[in-house]
Amino acid sequence: MAAPSPSSPPNLLSPPPFRSPEASYFLRTCSNFSQLKQIHTKIIKHNLTNDQLLVRQLISVSSSFGETQYASLVFNQLQSPSTFTWNLMIRSLSVNHKPREALLLFILMMISHQSQFDKFTFPFVIKACLASSSIRLGTQVHGLAIKAGFFNDVFFQNTLMDLYFKCGKPDSGRKVFDKMPGRSIVSWTTMLYGLVSNSQLDSAEIVFNQMPMRNVVSWTAMITAYVKNRRPDEAFQLFRRMQVDDVKPNEFTIVNLLQASTQLGSLSMGRWVHDYAHKNGFVLDCFLGTALIDMYSKCGSLQDARKVFDVMQGKSLATWNSMITSLGVHGCGEEALSLFEEMEEEASVEPDAITFVGVLSACANTGNVKDGLRYFTRMIQVYGISPIREHNACMIQLLEQALEVEKASNLVESMDSDPDFNSSFGNEYTDGMNETNETPSQHQIMFTKWDTGRF
């Protein structure tokens with residue numbers, strides 16, 4: 001009897017098998033959209049497109065890259081999506097700033113009768129209603145959730161409250177809160193924030209004092225309410241209660257306390273808050289740093305404001321704007337303009353309309369007519385920023401301060417090209433002349449040479 005032939009050795013050069021676990025792993029570790037498409041191609045090649053888990057991963061990962069159109073293509077290939085997959089697609093569209101598409105998909109889900117709603121469907125849809133300001137549809141979804149038996153879900157109720165408060169329906173928000181059989185800390189905080197945002201401070205105080213448990217978000221919401229309503233003393237009193245309860249503040253708490261210090265006009269209190277933040281390990285980031293600059297400037301310590309600015313590692317546009325404006329307000333016009341040039345050239349930060357309010361204010365406060373006209377033109381021609389009332393007011397102040405009107409007129413004539421200016425500037429200026437019964441001759445010469453239609 002012949003001996004059996006030995007089995008052939010495995011091919012060590014053959015690629016490893018590509019099954020669902022491998023595909024799932026590659027999707028979890030995918031780092032860009034190009035990789036995702038390659039993985040999807042392999043999924044199709046190996047006939048894995050009916051794997052619901054892989055399809056959901058494809059939708060989730062493509063949405064995380066902002067590729068909702070690709071996610072929709074994947075979703076549309078499914079014959080009978082599960083409720084989970086419908087929910088995922090609705091959520092993906094909503095979080096990627098396409099709420100109307102999310103709502104259309106929800107309507108399609110309703111009329112298709114292929115899938116049943118669950119308790120996660122309605123919160124996602126309500127968030128899409130909020131993002132698109134569709135309060136009418138939100139009310140209809142509210143009724144549909146009641147009929148479907150999901151109204152008592154706390155997550156849904158919290159989302160619904162948020163919708164009503166943010167869409168200016170505080171009474172409806174309170175009704176939802178009052179009907180809740182059980183309330184989480186999120187429920188109480190949503191209610192508190194809703195009342196604060198709708199300027200119902202007295203009601204917010206009652207809710208805050210009734211809360212069975214308070215976290216840093218709750219305390220900060222109430223402190224914010226006092227600051228927003230210009231009641232800084234009560235903001236600090238509440239912060240002391242917060243310390244007694246041993247609740248550590250967050251960055252938003254600190255920034256609100258800095259604003260309260262500004263409202264009090266108390267440099268010493270502002271310094272105390274700054275020192276507290278430093279001792280408790282708060283990082284001097286753009287948010288906190290800008291608030292400190294604003295506080296120090298408005299409380300009269302430009303030197304401290306500049307110190308904070310100089311030690312900041314990262315600076316946002318708001319940070320630059322705050323420092324430039326502070327310098328201009330305090331009469332340091334040349335330093336403000338120098339800082340603006342530094343922002344453009346070294347920091348590569350593009351200015352906005354607020355930046356030029358600070359720049360033009362600096363020119364106006366120091367009577368710098370030449371640079372004022374130059375920056376005004378540059379704002380329009382280089383950055384395409386249309387003049388707003390504050391810009392016009394600065395230019396009126398600047399030209400009124402000019403001792404040599406003819407010289408200012410010559411500067412106007414020396415502009416290289418015709419900017420598309422807002423006509424309100426010339427009108428406001430000449431109207432101001434008429435109100436003061438000032439002799440219009442020289443001023444009118446200036447605006448005749450630089451046609452007021454160009455403003």
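Each residue, glycine too, has its Cβ placed from N, Cα and C.
Bear in mind that the values here come from a model prediction, so they are computed numbers and not experimental data.
Copied over from Swiss-Prot, here are the features:
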type	residues	note
REPEAT	51-81	repeat 'PPR 1'
REPEAT	82-117	repeat 'PPR 2'
REPEAT	118-152	repeat 'PPR 3'
REPEAT	153-187	repeat 'PPR 4'
REPEAT	188-214	repeat 'PPR 5'
REPEAT	215-249	repeat 'PPR 6'
REPEAT	250-284	repeat 'PPR 7'
REPEAT	285-315	repeat 'PPR 8'
REPEAT	316-350	repeat 'PPR 9'
REPEAT	352-387	repeat 'PPR 10'
REPEAT	388-418	repeat 'PPR 11'
TRANSIT	1-19	transit peptide
Is the repeat 'PPR 1' (51-81) packed against any residues at least 6 beyond its ends, judged by a Cβ distance under 8 Å, and which are they?
20, 23-24, 27-28, 30, 32-33, 36-37, 40, 43, 88-89, 92-93, 95-96, 98, 101, 114-115
Limited to the repeat 'PPR 1' (51-81), I'd like the whole-number average of pLDDT.
90
Chain residues outside the repeat 'PPR 3' (118-152) and at least six past its termini with a C-beta under 8 angstroms from it:
83-84, 86-87, 90-91, 93-94, 97, 99-100, 102-103, 106, 109, 159-160, 162-164, 166-167, 169, 181
Under DSSP, the repeat 'PPR 9' (316-350) has how many residues in helix, strand and coil?
26 helix, 0 strand, 9 coil
Do any residues, 6 or more residues outside the repeat 'PPR 9' (316-350), come within under 8 Å Cβ-to-Cβ of it, and if so which ones?
286, 289-290, 293-294, 296-297, 302, 305-306, 309, 357-359, 361-363, 365-366, 368, 371, 375, 383
Kindly report the helix/strand/coil residue split of the repeat 'PPR 10' (352-387) according to DSSP, in that order.
26 helix, 0 strand, 10 coil
